[in-house]
Amino acid sequence: MRASRPVVHPVEAPPPAALAVAAAAVAVEAGVGAGGGAAAHGGENAQPRGVRMKDPPGAPGTPGGLGLRLVQAFFAAAALAVMASTDDFPSVSAFCYLVAAAILQCLWSLSLAVVDIYALLVKRSLRNPQAVCIFTIGDGITGTLTLGAACASAGITVLIGNDLNICANNHCASFETATAMAFISWFALAPSCVLNFWSMASR
């Protein structure tokens, strides 16, 4: 007796892992095809993704920036201490101006040093436009005051020492040292001001 045989033979189902791989391959092919079509229709209108650049050395929130702030504060405090150690500086307006500018410079630099330390501890980048603008304006103001006070004190020191020749009755060495410290503080401030201005202008 002849028995009929089935026309369709059963096929074992593929394992789930093979199904997942096949589905992923189909999805990738579909995505590539869609992307190619979009690129063909979009042409040159597609914008490249932005690349975030690293902060330059000396920028706010970097070890270099913290070092500059500490140097600024140190020499401003040194200028203040040396000038305040003399008992006759209040009689000269330029020296009083230097003391006031040194106090402002020291407070400003120490405040930004604290901000840099916080940014380094939490590993944040100080790229906020408002913060960079405040840093730039503050550096510009304190830098102008410090440079003006140092130049005025240098002029008075030269007048006392070279023109009037009365250093025997004054603390010319202390005046010269305080003036030099103020200039060094300003030179340390200049890179911070330039970097902040460049960062603000490049946005």
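Glycine too: its Cβ is placed from the backbone N, Cα and C atoms.
Note that this is a predicted model, so its numbers are computed, not measured.
Per Swiss-Prot, these features apply:
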REGION    39-58  region 'Disordered'
TOPO_DOM  1-63  topological domain 'Cytoplasmic'
TOPO_DOM  85-94  topological domain 'Extracellular'
TOPO_DOM  116-139  topological domain 'Cytoplasmic'
TOPO_DOM  161-177  topological domain 'Extracellular'
TOPO_DOM  199-203  topological domain 'Cytoplasmic'
TRANSMEM  64-84  transmembrane segment
TRANSMEM  95-115  transmembrane segment
TRANSMEM  140-160  transmembrane segment
TRANSMEM  178-198  transmembrane segment
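Annotation: stretch 95-115 has the most Cβ pairs under 8 Å to the transmembrane segment (140-160), among 64-84, 95-115, 178-198. The residues of the topological domain 'Cytoplasmic' (116-139), classed with DSSP into helix (H, G, I), strand (E, B) and coil, number 18 helix, 0 strand, 6 coil. For the topological domain 'Extracellular' (161-177), same-chain residues at least 6 beyond its ends with a Cβ under 8 Å from one of its own Cβ atoms are 82-83, 85-86, 88-89, 95, 153. Residues of the same chain lying 6 or more positions beyond the ends of the topological domain 'Cytoplasmic' (116-139) and with a Cβ under 8 Å from any Cβ of it are 55, 59-63, 65-66, 69, 108, 189, 192-193, 196-197, 199-200, 203. Residues 149, 152-153, 155-156, 170-171, 174-175 of the same chain, all 6+ positions outside the topological domain 'Extracellular' (85-94), place their C-beta atoms under 8 angstroms from a C-beta of that stretch.
Across the topological domain 'Cytoplasmic' (116-139), the model assigns an average pLDDT of 88. Note on the topological domain 'Cytoplasmic' (199-203): DSSP counts are 3 helix, 0 strand, 2 coil. When the topological domain 'Extracellular' (85-94) is classified with DSSP, helix, strand and coil residues number 5 helix, 0 strand, 5 coil.
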